[in-house]
Structure formats: structure tokens, C-alpha cells
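K.L.:
Have a look at the structure that comes next, please.
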Amino acid sequence: MGPHWAGILLSASLWTAWSLPAATQLDLDATLLNVSLSEKDRFCAWDPLGTQTHGRFRDVELPAKPTISVSPGIVTEKAEKVTFRCDTKDINPNIHWVFSNRPLVLHERIHLSPDGRELTISPVLRGDAGSYQCEVWDVQGSQSSNPTYLVVNYGPDPFDIKVEPSAPCGEVVKVIEGSNVTFSAKAQSYPAPTYSWFLPNDSTPSFTERTFHIHAVSREQEGTYRCWANNSATQKSRLAALRVQVLEHTTKPLLMTPNLSVMENANTVPLTCLTIHEGALVQWLLRGQPLLPSKHLVLSEDNRTLFIHPLWRNDTGPYECEVWHGGGWTRSDPLRLTIHYGPDRVNITRGSQPGAVTHVQAELSSNLTLQCWAKSQPDAEYRWTLEHSTAVYVGEKLVIEALTWEHQGTYNCTAFNPQTRLAHSASVLVSVVGPQSPLSAGSIAGITIGVLAVITLTVGLGYFLYTRNARWPSRKTAEDPIHEVTTPTSKEEHPAQPSSDWPRSVYDNIGLELQGQVKVKKMLPQEPSEHFYEMKPPSATPEGYSHGSRKPSPQLALHPLVSTLPQGNTESVYEVLENPECSIYCQMKPSA
């Protein structure tokens, strides 16, 4: 046996020896049932359990591709029926129908033949238009036909004529004289219809488009407008008509008020709608909606004046009035009121933190921001003050950088509205916390200035007293000024008793009976207005008086009421003080 046969025998032995387990044996025939590549394809199927051969090949043939036909392909809605037929070379196939790429859902208007090859729709509706296909199925696979299309003609449906701008009023529309008007029509139809427009008192079409325009419509152009829509495929037509009324042009009204800026709680604010059209109907709108009269919003009898009583802060508007005249109408421009109010309650907050505060604690040398606010229209003006200080800070925010002990205290914020002339205030107590300083720089400076002032005052007072005491001894000299006293009688005078009153006049020693009769004349030359006299000690000390350690008191000046002696008497009479060291009393002794 040559090498050729040896190879054949080896291959045969290997083929017979190898066999797949039952769980892993393949059934390619079952797999190929769902394969659909072409009308006829050849596949290799392996049957490891074959008795005559260990491997074999067989042919798998898919269904033939079907064809679809429709009769008729174009139909009129509700007027005809349509039949689809699916042709195939296969015997007893399973046929499925597809509409617009989805399985066809059967209903009462669809009828199928017993073998499923014919599909009839009766009557046909516009919703039946689209693409149709049929599919052929057998145990080997499936095939689909090419799509065919059904066209359904319909319409025109009933339609309406539209006019813009206009005001519908039943079967009549109203337009304003001089306005530009657009007419349009649209009828549901397939294919699209043709349009023909007939103007009032005109029997021939004027326009053949779906829309047309009239510029500056006039009173002569009012009447009935007709539109004719025709579908040549369905051989159907529709006619629509509309009556148009051209109204006299209405002049735009003017909304007036005595003052656009008013105060909250004002007694009455009138709004008047001014129009040139007599007998026109006036309607009011508030914020774009019809205004509803109330006790707060009162209308006059002719509706042309609106009274707001009292005025609230939310009555700003906008307000509008509409004027209707001869079927036409127009609306005024909106009017807004500016209502001044406030300031309301004043609140003080710390920085951006919410909530009002009345007491704030801050660290020494830290920054502090206080904010003051109140509801107000217009915005309020804010002023900050600190008690026991004349400084004024203007603004909503008060920013204090690097807090010191001097920043402690009560801060007041006043909100002022320049329009309402109202003001409200609030206060906050600011406390600075941190290590206490014994004395601040300002306190030290104040104490230093006070000490220097006291020292200066003390030195000045001491100098004044020293100079004054130095002057008194120098004024005591041996020669004293002598007063010459004469009496009109030779009656002997007795010494006067010491007096206990201080200070007493030097004239206490003159008897009461001589008051007014004594004439005194200075015997010395004229001296300055201020004179001092030194008294000589007497030879004896009055009884009941003892010397003390006090210094001699300065002598009293000559009383200004003492007059001079007559010029003819030049004789001097001397009197000597009994006790020169005490000026409580004076006792004169004649020297004769």
C-alpha cells in the first residue's frame, strides 16, 4: 500500500473517531430557517449522525419575492374602493400586509380574501393614503414586495374667510377706515385648490391667490366678499362669503390726570378720558384687564372720569381707556401714576445679615458695618448720628474701620423722604469688647493739659501774693498824714468807747449831735487819690484788750465824704490813736 492510500486511511480513521457531544451538536437546518438573503442560496449543512456518510451538503431555497398591484392607484375619498393584490410563485404561503412600514391594522373597512392575497378597502378615506407592501413567509424565511402607493383625492372642505385687522361681530367683521386690510382663505383639499376672489358688486374674479391685500380701505369698499375654491381632481368646489363693514376712523383718546406724582392716602385722584367723538362709549382697563368699579374705584355717569379714593400705594396702574364710536374703537396710551409714600418702619441691620438689631457687640480694632433701610418712594435719604457728637454721616451704610473705645455709644439712623417730608428713626447700641486700656490717648492728653493749667494758676497766684505783701511794709513811714479837726464849740470831748463792729468807718468817733457840723480840711499838699496813714501807738492800752500775734492791719483810707477846713484857720489839732495795732476802733486825744 503506497503513500497515497496511507493518507486516505488516516483521514478516514480520524473522521470516524471524532464526534461532538450531544449537547454541542449543531442543527444548522433549524438556524437557516430564518435566513433570507436571496431567492435561492446554497448552504452547507452538516449532519454528524448520518448513517451512510459522516458529512453531507443540501440546498435551502427562500420564498420568491412577491409583487403587489393596486386598482385603482388614485381614488376619490368616499367615492371609490381600492383593491391590493399580492402575487407569489410559492404554494400556500403565509402573507402579511404592511402599511407605512408598520403591520397593517385590520378594521371594518378592510377585507381580506381567504388566501390573504387580496386586500380591499371600501370606502376609501384620506387617511388611507400611503405606502403598502406584502410579505411572503414559509419555513425557509420571508420575502417583501416593493412598496406601492395609494393616492386619495379629497376636498375642498368648507372654509372661512379671515380679515386682519378686524373686530368680528357675528357674521359681520368691522374694519377701521384708512387701515390696511388682509383677506385670506385656506380650504383643506388634495390636491390644493385654486382660489378666486369676488369683490362687492363685482361678478368677475379680481384675485386668484389664497390671500390679497387692500391698502387704506375706504367706506366705498365695504360689502360682501366671496372666495371660490375649486379642486379639479375631485371636481368639487366650495364658496365662502363674508360681509365687511368699514367704520369711521376713531381718534385715539387721551388719558389725563392733574398730577402724575401724588401722595399716598390722597383724598381723590381723577383720571379723565378725553375724546372728540360725542356719544362715544368709554371703557376702562387696569393692568390690561377690564376695570371693575368699586367703592375704591368710582366711575362717573358717562364713564369718562375715573375717581380713585383714597389713593393706595399699589394704585400705580397702568390705566387705559377705550373709545367705541360707530362700530370702531381705539385705545389710549397707558398711564402710570407715581405714588410717593414712606418711609415706613426703619430697620438697622449688621452688614448683610438679615434681621433688625438694637444692640451690637464688636471686637476692638475690628470693622463694623451698619445698614439702615426703610420702604419708601422715592428712596429715602439716610443720616447717621452718634449721641454726644455733632458729626453727621450721610448714606444708607455706616462703615467703621478699626473700632476703638470712643466708637461705643448709641447710633441713630434717620430716614427722610423729600417728597412726603416724613422722617422715621431707629437706634442701635454699639459695644466694643476687648482688653481694657487704663487711659486712652485723648484722656492722657486732657489730664496733662489740666495739670499744666493748675501749675500755671498756682505760680501766678503765689507771685501775686508775694508782691502784695512786699508793698505793705514800704508804705509804713514815720511821717503820717495828719488830719486837722476843728469844732465850733469849746466843750470838752470824752474819748469814745471801743466798738465791736468790723469794719467801721473812721468817723465813728464823732458824736451824733455833731453829725453834719464837722468840717475837715486837709493840711497837706495834694496827693494821689489813694493814701495810707500810719498810726502812732498810744501811751496806754485800753482796758479789756490784749495784743495778739497778728500783724498790724493796714490803715483805712480817708473817707471820701470828709471835707477840707476853712482857709483862714491854719492851726493844727492832732489826735493820737490809743491802740495803733488794732483798727477795730479809733480814739482821738487832743494834744493841747
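Using the three backbone atoms N, Cα and C, a Cβ is placed for every residue, glycine included.
For reference, TrEMBL lists these features for the protein:
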- 1-19: signal peptide (SIGNAL)
- 66-153: domain 'Ig-like' (DOMAIN)
- 156-240: domain 'Ig-like' (DOMAIN)
- 253-338: domain 'Ig-like' (DOMAIN)
- 343-431: domain 'Ig-like' (DOMAIN)
- 444-466: transmembrane segment (TRANSMEM)
- 477-503: region 'Disordered' (REGION)
- 531-555: region 'Disordered' (REGION)
K.L.:
DSSP says what for the domain 'Ig-like' (253-338): how many helix, strand, coil residues?
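P.N.:
Reading the DSSP string over the domain 'Ig-like' (253-338) gives 0 helix, 40 strand, 46 coil.
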K.L.:
List the helix, strand and coil residue totals of the domain 'Ig-like' (343-431) as derived from DSSP.
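P.N.:
Reading the DSSP string over the domain 'Ig-like' (343-431) gives 3 helix, 48 strand, 38 coil.
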K.L.:
Restricting to the domain 'Ig-like' (343-431), what is the model's mean pLDDT?
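P.N.:
Taking every residue in the domain 'Ig-like' (343-431) and averaging pLDDT yields 90.
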